[in-house]
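Report on the following structure.
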């Protein structure tokens, strides 16, 4: 997964995969069917890990808004030296696999799954009166989930292009504060 996350799908060669996996091409094809099949497995693993990390954070705190804010603040600590890439592997894949409808559908489904987890969290916050029920569209769980996913994508893109750790953390803190302000509506 790390090789694809770092280099992307197209920049990762079969030679790179052979070396990292310590497998011959025939073994890779036998195990995964193709480079695309291996990439698909890596995407599945990445999406599962991200969803699990988010769900654990939300379930470990009594306040959903505090859990969401905590999750966002952690993103401010993204570090190029500790991760293959600061950018989201799903977003990187979405941008570079346009010719593969199969991969595009898989990535879209994974992104929709994360958005669904965000929507459930915001719905739970509304049900627990952490966010006031409002007839305004912008305070509906679906819209809040899209807003949060959009914001996180931007934050992670900024983390990828910038070596400014202090600036990244400040932006993550701003986003976390915006999440918490939803509780003051």
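Cβ coordinates are placed from backbone N, Cα and C, and glycine is handled just like the others.
Here the structure is a predicted model, which means the values were calculated and not measured.
Feature DNA-binding region, per TrEMBL, maps to range 13-32 of the set 13-32, 33-52.
Taken together, the residues in the domain 'HTH tetR-type' (1-50) have a mean pLDDT of 89 on the 0 to 100 scale.
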